[in-house]
Amino acid sequence: MAREVFANGREVSSKKSNAKAVAPPPDVCHTPPPPPPPLVPPKIGIPIPYPNVSQSSTHKKGTKTVKIKKKEVGIKNKSFYKTSNGNQPATSQFKKGILSGTITGKAYITSWSSDVKFEKKNAVRHLDSTRQNVK
């Protein structure tokens, strides 16, 4: 049996596909300053860029009947990755991500196959774009 399923030359994203989504720009977050702390602690931290990566193994709200390796498959406007990683050094005591206002947020898929569908919804594939670090 084949290990991968493809749509338009790209592997279909599923909970079993081991795919990763990497945010294109660095995720700049407010980070605690290094010791020694100043007399008055800062309230926003130091802006530092972090990688922001989501994995398909955290896939949520996929197909109900179509499965790949017995796991759900990503579909348009429904599926997302539960969490992203890489920006954990930015602590919640500061303002977190400069643009997103969060750390380790969800990743929503923002592009998909135009003609391959599962359960009447467009299939999500490897290299489809995402919006990451969403609250």
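Each residue's number is its place along the chain shown, starting with 1.
Cβ atoms here come from the backbone N, Cα and C positions, even for glycine.
Feature annotations, courtesy of TrEMBL:
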COMPBIAS  23-41  compositional bias 'Pro residues'
COMPBIAS  58-67  compositional bias 'Basic residues'
REGION    1-67  region 'Disordered'
Spatial neighbours of the compositional bias 'Basic residues' (58-67) far in sequence, C-beta under 8 Å, 6+ residues away: 13-15, 73-75, 78-83, 118-119
Within the compositional bias 'Basic residues' (58-67), residues counted as helix, strand or coil by DSSP: 1 helix, 3 strand, 6 coil
